[in-house]
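Asks: Let me begin by handing over the structure; questions about it come next.
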Amino acid sequence: MTVLYQNRQIRELERLAVESGISEYELMCRAGEAAFKALLARWPEAQEITVCCGKGNNGGDGLVLARLAYENGLKVTVYLAGQRHQLKGAAAQAANACEASNLPILPFPEPLLFKGEVIVDALLGSGLSGEVKAPYDHLIAAINQAGQYVLALDVPSGINVDSGEVQGTAVKANLTVTFIAPKRGLYTDKAPAYCGELIVDRLGLSESFFRAVFTDTRLLEWKGVFPLLPKRARDAHKGSYGHVLVIGGDYGMGGAVRMAAEAAARVGAGLVTVATRPEHVPIVSGPRPELMCHQVAAADDLKPLLTAATVVVIGPGLGKSDWAKSLLNKVLETDLPKVLDADSLNLLAESPSQREDWILTPHPGEASRLLGISCNEVQRDRFQAINDLQEKYQGVLVLKGVGTLIKDESQAYYVCPAGNPGMATGGMGDILSGIIGGLVAQRLSLASAAQAGVFIHSMAADRAAEEGGERGLLATDLFPHLRVLVNP
């Protein structure tokens, strides 16, 4: 799997490169050249650009790009947020090279005027600490309102590369070229929407540099997920692939358990049983007779079902009634592996406990209740939030949202880059819990089931969106794609 880095680790990679004999200015020239090549590839018809530079090394990257564009015949306007004498080190060398090529470096005019087809954002980069301050907030707002294409160098100015947080305001780019290594914050929360297309350029650094710097964050990819899926034996039978028990579906919410149960079956569980309100039995087993369905009036009705189960999924449509609480308590008395979703998480927040045999799958709102903080605090640093969740509750945690995160007892973080806005619809979480439960039933570890389940779920949604569009995408549209994805 692709590894993702924090800002401090990128700085360590830069230090190792300089110690090996690659100067800071050489790295800057490589960055500017990589970004210029990306600009030409994305906008080959562009004749004129405006390059917006800050006073640090990100501004220096922009100056290198500006010079290369100018020397290759483009019309180039370079603006500097600050005074020329404030540029130091490699950035000053980049400015000297611009001036040697007769490319002037200008102060930002009032009113702001951006010329050409493309604006290059080289204002702040990854060195920002705290919220964006003047004059950069004003400049970022102007770039976002200009209407031209935007290329961001390393990171859209205003984005925290470790967490993905928008630090007050941020540039909305069409294309971001990030340097040396992928930064973990660019794949979660609001950052993907601000990056646009994301390209990673290693600037020619050898693999030995990357082996020398440890990182605990991985990007989920098909080549890493596919080996987690067990091969099927020729002499297999339904008992070989486990028995999922899905519990939930309080009054008016029978569809939730129905979707979770079918999702478990679609990813290959051998048997799937639903335990729900008596009124919901017909809507579960009628249209999908492969699902066994039992009416549960009281917690004791679960005893024989739990005895037969391999894994329990509890929460879809569960509600928070006394009935729901009694069912959850009965499940927690067992040593079966468990997937908790939806209202089972809200009930858990009222009586927190720790276990190693569960997977918790909160969205940000549920995570806020589990941690006793605001939803904004969860989203401000999703990596910290999932770390706190795992420490408080143990087991495996899945923090849903853009760039879903997974964390287990190994302390590794996994980030899912797949998924799309069409998933913002009812039932998607029910499908995910069923997928994960179905994979646990097939003897995947809890951590592997969470990783594979999240990725397959998001990939199925992407395939469904490609087929019919994001708007109007239904959770059940994922079913045919699930079957294809688990049979690569």
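Quick reminder: no glycine exception, Cβ is built from N, Cα and C everywhere.
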Asks: Looking at the K(+) binding annotation from Swiss-Prot, with N58, S157 already listed, which candidate in D121, D201, D216 is the matching residue?
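Replies: Within the candidate list, Swiss-Prot flags D121.
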Asks: Tell me which of the binding-site residues V402, M423 sits in the most Cβ-dense spot, judged by other Cβ atoms within 10 Å.
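Replies: That would be M423, with the highest Cβ count within 10 Å.
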Asks: Measuring Cα to Cα, how many Å separate N58 (K(+) binding site) from G429 (ADP binding site)?
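Replies: Just about 40 Å between their Cα atoms.
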Asks: Can you tell me how far the Cα of D430 ((6S)-NADPHX 2 binding site) sits from the Cα of M423 (ADP binding site), in Å?
Replies: 12
Asks: Identify which of the binding-site residues K400, G429, D430 has its Cβ surrounded by the largest number of other Cβ atoms within 10 Å, counting every protein chain shown.
Replies: D430
Asks: Other Cβ atoms within 10 Å is the metric here; tell me which of the binding-site residues G317, P421, G427 scores highest.
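Replies: When each Cβ's neighbours within 10 Å are tallied, G317 leads.
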